[in-house]
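Features of the protein shown, as given by TrEMBL:
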type: ACT_SITE; residues: 209; note: active site
type: BINDING; residues: 77, 209, 213, 214, 215, 216, 217, 218, 219, 220, 251, 252, 253; note: ATP binding site
type: DOMAIN; residues: 124-273; note: domain 'Fido'
């Protein structure tokens, strides 16, 4: 097979086959459908990247999209926490119903930010991949499974034992050689379309499975890192994990087809379709946000003497649509009574609404219309 070979392994009395991927790039078969999907994905991604040029203060949009990517990538791995849970944690809003595993999403965001900052002066490499992995697994599930270190033992996917597993990735003895080849492919400048190369990087990383835990999340982060490193995206605006979560069975099906049936093209078609779909959705969301922001700016510009502080609150809301009285005091330096008055005025112009709360609990307000733009159907 182009994608790799199965190697017979013996561990005590156990016999099994482990998959060793071949060196990238694989030779791709000519496929008109694949060419069409690549063209469409490039066009959609180009439009999405153009958002960075037209949205003032793009960082608030980047932050919201990054949270969305982090949430859905973590949910692919079974995380129960939601996008709203992440917003509450980052807004320092107490809620005993927030699942403990929300920290996995917070770690993902930290890992993404760390990786993107490092890529400004450091190449995408095995060293950086290990750094990112260490951040992903800090104080969460898998924290005891060698965070930041490549495995030295055999792992497997599915089944209680290795000989009943649905897939056994690269054997430990082959791991560093294959990872070295993987790193070389990251740095190759051959004329492979960037989106094709990114799709190959993702499936190759999944087939290698170099860590004892966290491989899926890190493999999806590599997509973001590579697209930004190659300047295909100026900012991490592509939340592709929403597509992977929406079509999770198909996602695993097409990934598995690479090592089971050598169907590299099938995986790439699924992947490129996801880029097109997600990029179009991201572009449309950005357009809606721009329209809403202009409406909101018109509303607060008519608030007289409170306009200046209302603008500060509005900027905060576009970074996180949940806000407390304490936060308003912090960003405006108003007294509690004046800050509360400002919140009431923003309620009256239909920017904010108060969330239900028990007596004596901190009052929390939400920009529902803005938040709704990030909720998936």
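Start at 1 and count along the chain as shown; that gives each residue its number.
Glycine is treated like the rest: Cβ placed from N, Cα and C.
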Q | Span of the ATP site, taken as the largest CA to CA distance across 77, 209, 213, 214, 215, 216, 217, 218, 219, 220, 251, 252, 253 (Å, rounded to a whole number) | A | 20
Q) Non-local Cβ contacts of residue 217 (ATP binding site) (under 8 Å, 6 or more apart, same chain)? A) 73, 74, 76, 77, 108, 136
**Q.** Surrounding CB atoms that lie within 10 Å of the CB of the residue listed as 'active site', all protein chains
**A.** 22
Q) To which of the binding-site residues 251, 253 does the lowest count of other Cβ atoms within 10 Å belong? A) 253
Q: Can you check which residues sit near residue 215 (ATP binding site), meaning Cβ under 8 Å from its Cβ, same chain, 6 or more apart in sequence, and list them in order?
A: 205, 206, 209
Q | Those binding-site residues listed as 77, 213, and which of them has the most Cβ atoms within 10 Å of its own Cβ | A | 213
Q | Intrachain C-beta neighbours of residue 219 (ATP binding site), sequence separation six or more, cut-off 8 angstroms | A | 202, 205, 206
Q.
Need one number: mean pLDDT over the domain 'Fido' (124-273).
A. 96
Q | Within the domain 'Fido' (124-273), residues counted as helix, strand or coil by DSSP | A | 90 helix, 2 strand, 58 coil
